[in-house]
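Comments concern the structure below.
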Amino acid sequence: MEYKDTLLMPKTDFPMRGNLPNKEPEWQAKWEEEKLYEKIQEKNAGRKAYILHDGPPYANGELHMGHALNKTIKDIIVRYKSMAGFSSPYVPGWDTHGLPIETAIAKKGVKRKEMSIAEFRKLCAEYAMTQVDGQRTGFKRLGINGDWENPYITLLPEYEAEQIKVFGEMAKKGYIYKGKKPVYWSPSSESALAEAEIEYQDKKSASIFVAFKVTDGKGVLDEGTNIVIWTTTPWTIPANMGITVNPDLDYVVIESAGEKYVVAEALLPSLREKLGFEDATVVKTVRGSELDRVVTKHPFYDRDSLVMNGEHATAEAGTGAVHTAPGHGEDDFLIGKKYDLEVLAPLDDRGVFTEEAPGFEGVFYDTANKMVTEKLEEVGALLKMEFITHSYPHDWRTKKPVIFRATAQWFASIDAFRDDLLAAVKGVNWTPAWGETRLFNMVRDRGDWVISRQRAWGVPLPIFYAENGEAIITDETINHISELFREHGSNVWFERDVKDLLPAGFTHPGSPNGEFTKETDIMDVWFDSGSSHQAVLNARPELSRPADLYMEGSDQYRGWFNSSLTTAVAITGEAPYRNVLSHGFALDGEGRKMSKSLGNTLLPGKVIKQLGADIVRLWVASVDYQADVRVSDEILKQVSEVYRKIRNTMRFLLGNINDFNPTTNAVSYENLREVDKYMLIKLNDLVKNVKDNYEAFEFSTIYHQINNFCTVELSQFYMDFAKDVVYIEAADSHDRRAMQTVFYEAVVTLTKLLAPILPHTTEEVWNSLIGEGVESIHLQDLPEVKVLADSEEITAKWDAFMQIRDNVQKALEFARNEKLIGKSMLAKVTLYVDGEAKTLFDSLEGDFAQLFIVSDFELVEGLENAPESAFKSNQVAVQITVAEGETCERCRVVKKDVGVNPKHPTLCGRCADIVVKHYEA
């Protein structure tokens, strides 16, 4: 007889290697064919809703690791909620208007000026939809479960129609107005930008100190005295209309080389060296308030520059006197308005000077910096010029510097409902908690929102103009345009004449001749995505407003979180979300931003081809995503190793329940051995902890908890000593069926707990466990937390045992290193115990040799009896010796009773009994 044939070795069709790149598409095809998303919605119909509203990614370019991070976090949340008793539909979306798409079309050689706007926009729409299709394929390959056949897309007519309604409602409440004031202007994009479209980068700029000569000192300053200003934008000097000083600061008049100069007293020490005023004497001190309405002369134009009082002039830097150009700065504009100064902005859309700046016509503003500085030097007004590097606003799309430029734009007034916005921020639950402060401060400090853009590809501003120039935004026109867009799309605005866009028979007192014109500007793309609460949440029957969760990158506090809040509070009075969760950015392994120039980009598509989507998803679960996260080949290798451990654990569990039927073979909890109960209690604790952490969106804790359970509780303990039972004992023996009961519970529980994170692998486990044709794991609910008898008492006892077991393992390791034993199965453990440890072992049930995975065990009372060579800890001493007896051919345990049955001379008594009873014919 071959004794190896009597061993009950693991059998499973669940392979050791995942082969994820090839297997995952098969599962995805099956899910699509079986309409799994729809089945999940049907299963959860009638349950409490949990709505995660997808912030739309921009439909341009290949998916990057930031996309993978974002969509996977969302998918984990939605899958968890769908298995936790909620109805949680997921409607993905795309943001499809804006400059990057115009630029992409231009790069293809399309000449925008050589075709109608409507034709150009059609090309933009076609391009955007191809990008949507490409990204949709990528997201589906990542295992993201959602309504991919019916996403929301901002260029679709039904979306645009609802966006028009949002605009109309805001206009109706008086929140929309047209005004001329400085806005961020991008010469590279030839358009106004909102704050959300600005990013700061270091820029080298000329820093100049300029003298303005007093022509009317109002009895405070002598004529010819120089007021000194400092600026890092020399090109704005042609637009200078005044100088601002702080009314509450002290200013000194100093005399140097026969000239008088005025600077803030607090800044004089730093300016003495910088401007060569080392020998200057202070002639007099005046309060800033005394300088109000002093008149100076522009350095090279024949006009006055008025001295004004303003709080924004400080003694933190410069001279305390601020060069003021109302056409090129927000503070400048506001104080200029107060003092009734002209708003001069002598630049065109491309940033080129017009004839309003004599001497600089046709010059690009940045080039003009040098010319202006030279002109100031020529007229003797330049006191100092140097270069500094400072943080400067740039166009987030073109990466080129932006300027402040006063132009006529359409605005949404934030002041009109700022208090409501701030109250709404306070009413939302923010994770991380600092998100509340961040958005609150942004809303508190932000100016009005410039919503018009001078571009072609976007939703038109639905505004008509009467003959007298009056803007027309009425319920009648808004509803008509909304329905026109719903039926024909927004291109109709550019395809039809004004008369065909207005409601039939429309009249207006400002147009006695019945003539009208239409606005040519489009809306800021943030108004597009910011309207999704109306166009998606409110419009779709399966969704609702407010959403339970908005979850995006931390850059969206200034973006989508902000624009969505603004439009929602404006039209509904409340935030569009109950909870907001934000994540950091995906960086390379060294914590650097990924970029083509650094050659450190890692694309999810490539990783999925090499390792599989479940590895990318496990990486997402492993990181503390609320901060910036790192990803590299090395990090993914570490994640793959954890995946391998989880997979091997599943394979072992599946392999050892191949002859187990949970209906007929399971052992009830009360009939289990204590060590088996202990494992079920630990498993139950895991269920509670994992569910709590899913609820708190703490996925990295789940990753560590499950990895720890698989590695420590199962692999290093329970599964390890179980081999001596499940391989060796008779198939139907109580102890074997008890352990299989635990194995079955463990594999079912782990599979369900991991399903939101590893959808493909858990489906594979589930099919192997339950059989082909089974209902998907994703249609199951998460395991419930059970109340298990005596759990506290059993846990306390066995946790204490596990600590002692750790000491035994260390002693065995030491003995192996010292060559006292080979494998631990050749060892005998003698344990010397006192006090609590003695009481513990007296109360424990179990085969301790088996639990320690050695051949023999002896318990001796009294630590003092331990030999010097024993491995000692505070409670026990461990002596390792070679076990006496012979190795049983079947179970490989060293036993003194090997050969007790002469028919089976190489077997121990236990194995001989099993063979005789179950395997001899």
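Note that Cβ sites are derived from N, Cα and C of the backbone, with glycine treated the same way.
For reference, Swiss-Prot has these:
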- 57-67: motif ''HIGH' region' (MOTIF)
- Glu552: L-isoleucyl-5'-AMP binding site (BINDING)
- 593-597: motif ''KMSKS' region' (MOTIF)
- Lys596: ATP binding site (BINDING)
- Cys888, Cys891, Cys908, Cys911: Zn(2+) binding site (BINDING)
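Averaged across the motif ''HIGH' region' (57-67), pLDDT for the predicted model comes to 92. Listed in chain order, the extra residues whose Cβ falls within 8 Å of the Cβ center of the Zn(2+) site residues Cys888, Cys891, Cys908, Cys911 are Ile728, Glu889, Arg890, Arg892, Val893, Lys895, Val898, Leu907, Gly909, Arg910, Ala912. Tertiary neighbourhood of the motif ''HIGH' region' (57-67): same-chain residues 94-96, 98, 100-101, 104, 128-129, 131-132, 134-135, 138-139, 153, 553, 585-586, 594, 601-605, 631, selected by CB-CB distance under 8 Å and a gap of 6+ residues from either end. When secondary structure is read from DSSP and collapsed to three states, Glu552 (L-isoleucyl-5'-AMP binding site) falls in the strand class.
When other Cβ atoms within 10 Å of the Cβ of Cys911 (Zn(2+) binding site) are tallied across all protein chains shown, the result is 26. The two recorded residues Cys891 (Zn(2+) binding site) and the residue listed as 'ATP binding site' have their Cα atoms spaced 59 Å from each other. In this structure the C-alpha atoms belonging to Cys888 (Zn(2+) binding site) and Lys596 (ATP binding site) are separated by 63 Å. The Cβ of Cys891 (Zn(2+) binding site) has 22 neighbouring Cβ atoms from other residues within 10 Å, across all protein chains displayed. Neighbour counts of Cβ atoms within 10 Å were compared across the binding-site residues Cys888, Cys908; the minimum falls on Cys888. DSSP gives Cys911 (Zn(2+) binding site) a helix state. Rounded to the nearest whole angstrom, the C-alpha distance between Cys908 (Zn(2+) binding site) and Glu552 (L-isoleucyl-5'-AMP binding site) is 64. Cβ neighbours of Glu552 (L-isoleucyl-5'-AMP binding site) (same chain, under 8 Å, six or more residues apart in sequence): Gly55, Asn70, Gly559, Trp560, Phe561, Ser582, His583. For the motif ''HIGH' region' (57-67), the DSSP counts in helix, strand and coil order read 3 helix, 1 strand, 7 coil. Counting every protein chain shown, the number of other Cβ atoms lying within 10 Å of the Cβ of the residue listed as 'ATP binding site' is 7. Cα spacing between Lys596 (ATP binding site) and Cys911 (Zn(2+) binding site): 65 Å, rounded to the nearest whole number.
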